Amino acid sequence: MRRATLIPLAIWVAGAAAAAAASLPQFPSCDISLANIGLSQNSQIFFPNGSGWESETIRWTKYMAPTYAVSVRPAHVSDVTQVRFATRCKIPFLASSGQHGFDTELAELQNGMEIDLSAFRNVSVDAKKNTLTVGGGVRFMDVFDPVFNAGKEIRTSETDHQVGTGSGACVGMISPTLGGGVGRLSGTHGIISDQLLSVQMVTANGSLVTVSKKENSNLFWGLRGAGGNFGIVVEAVYQVTDLTSEKVVNLDYAFSTNDTGAIIDYLALFGPNMPPKLSFIIAALYNEKLFGGVGDPGCVDPNRGRQSANTIPPSLFQFAVIVSGLYAGPQSEAEQLLAPLLQNATLIKQNISVVPENKLVYAATFGSQGNSTIACSGKGVNRSIFGGAINTYDKATYVDFLKAFGDLVTTNTDLRGSVFFIEHFSNYQVQKIPDHTSAYPWRDITAHLLFNYAWNDPANQQLMLYSARKLPRLRALKKEWDPENVFRFHHPISMS
């Protein structure tokens with residue numbers, strides 16, 4: 001396991017229910033119909049140019065996106081097992097839920113079949129057994145209220161650690177779980193995959209198997225970190241426990257890029273030792289729409305305090321650095337921890353609120369992480385993600401970069417949707433789970449950086465995703481469970 005402090009970076013620069021068979025030119029020997037595929041009558045099939053096709057297949061980003069000749073929406077688990085039809089006909093396919101995946105390998109699927117799991121959005125909490133059961137199409141927004149209203153929270157199994165859900169309300173829950181599942185409460189809650197108890201999974205040959213510590217335990221190891229390579233998860237069971245704290249403190253601040261150095265100095269104070277209850281998302285973006293422009297009542301004049309008049313220079317609203325903090329404890333402690341930053345940076349706008357944990361995702365980052373924001377609206381837009389890892393914050397690099405980035409998006413209107421993120425979460429609870437327990441390899445990462453930019457390094461991708469120490473075991477699992485490599489379009493594992 002890597003012991004250096006690593007900071008991963010990223011940039012973002014059917015006719016429904018068709019009854020008649022359709023022979024597609026791409027697959028002339030396989031007529032596509034409910035009966036021929038073996039689907040139940042409540043399932044649906046969509047074709048290009050048919051009713052509902054665009055809404056069925058449109059993705060959050062159209063950059064390097066897969067394309068489909070047909071989309072199937074199964075109604076029951078038994079319908080998903082008919083994936084054997086696609087494998088028999090050599091039809092490349094991809095299961096989808098929130099449709100937020102942005103990995104460039106997705107573009108290798110062209111004129112294939114989408115298996116839409118949106119009918120599987122069932123959520124149930126068993127308060128006596130302390131379990132949460134979700135369908136394969138569930139989004140994070142589907143579980144916030146049921147878990148909270150049951151007086152429960154998600155925790156890692158076999159420990160007393162809490163585990164938080166993600167930062168985007170409309171993103172599917174299963175895919176992040178299979179990749180590990182970091183979140184804003186990772187310091188106190190750990191990663192989502194550590195509390196996964198079992199899944200029901202459809203394999204490439206159409207078999208429905210249970211995967212847990214007791215059944216197919218070796219595969220269970222691989223699912224938690226590289227799960228998209230082995231099958232389609234149609235149901236997952238998580239550990240939950242009694243709610244320990246109903247509310248958290250949300251702290252949002254806006255600064256100009258003149259304060260980039262002060263922000264980086266502040267983050268560097270914590271490094272890999274971020275307090276467990278504290279986390280930050282830093283967003284550098286052109287913010288006119290987000291803040292409503294000059295005169296926003298949340299604006300702060302550094303010399304005269306909060307202002308409702310147009311006292312802030314317009315240039316400060318064109319590009320800004322947003323610091324969105326979260327503290328899972330008393331507000332007084334949170335404000336004490338933020339004091340060094342506020343003493344050294346010029347505040348433009350702030351919002352401090354104490355919110356129920358199940359509403360945090362809607363309040364954070366000035367309300368930009370809820371249903372109507374970056375992750376949950378504007379599908380079909382060109383968005384590309386660059387990712388990497390660094391050992392430390394280099395102040396001069398960030399100061400120079402954000403100045404240049406701000407100038408670029410301010411003067412080029414077509415680029416104003418680009419955002420640079422730093423996600424600095426505590427890994428306190430993440431590191432308490434031994435590295436060998438799952439395929440997830442990056443428990444020692446300090447922060448995540450996201451940038452809207454197109455880049456890929458296929459030669460090193462598997463090492464970046466899974467690490468040299470995990471790949472041999474993962475490749476053996478791949479040969480055992482998917483020897484034909486049909487699950488190869490999202491963070492794929494090669495078998496050699």
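Any Cβ shown, glycine's included, is placed from N, Cα and C.
A mean pLDDT of 85 is what the model gives for the domain 'FAD-binding PCMH-type' (64-243). Under the heading domain 'FAD-binding PCMH-type', Swiss-Prot lists 64-243.
DSSP assigns N49 (N-linked glycosylation site) to coil, not to a helix or a strand. Of all the Cβ atoms in the protein chains shown, 8 others lie within 10 Å of the Cβ of N49 (N-linked glycosylation site). Marked as N-linked glycosylation site by Swiss-Prot on the basis of sequence analysis: N49 (among others).
All chains included, 13 other C-beta atoms sit within 10 angstroms of the C-beta of N122 (N-linked glycosylation site). Under the heading N-linked glycosylation site, Swiss-Prot lists N122 (among others).
Annotation source Swiss-Prot lists N-linked glycosylation site at N205 (among others). The Cβ of N205 (N-linked glycosylation site) lies under 8 Å from the Cβ of R84, T87, each of these being in the same chain and 6 or more residues away along the sequence. Secondary structure at N205 (N-linked glycosylation site), as computed by DSSP, is coil.
Feature annotation from Swiss-Prot assigns N-linked glycosylation site to N258 (among others); the stated evidence is sequence analysis. When Cβ atoms from all protein chains are considered, those within 10 Å of N258 (N-linked glycosylation site) total 14, not counting its own.
Within the same chain, residues at least six positions away from N344 (N-linked glycosylation site) with a Cβ under 8 Å of its Cβ are D259, A262, D265, Y266. The N-linked glycosylation site annotation in Swiss-Prot covers N344 (among others) and rests on sequence analysis.
Every protein chain shown contributes to the tally, and the Cβ of N351 (N-linked glycosylation site) ends up with 16 other Cβ atoms within 10 Å. What Swiss-Prot lists as N-linked glycosylation site is N351 (among others), and the listing cites sequence analysis.
According to Swiss-Prot, the N-linked glycosylation site annotation covers N371 (among others).
Taken from Swiss-Prot, the feature N-linked glycosylation site applies to N382 (among others), supported by sequence analysis.
Among the features that Swiss-Prot reports, signal peptide is placed at 1-21, with the record citing sequence analysis.
Calculated from their C-alpha atoms, the gap between N351 (N-linked glycosylation site) and N258 (N-linked glycosylation site) amounts to 20 Å.
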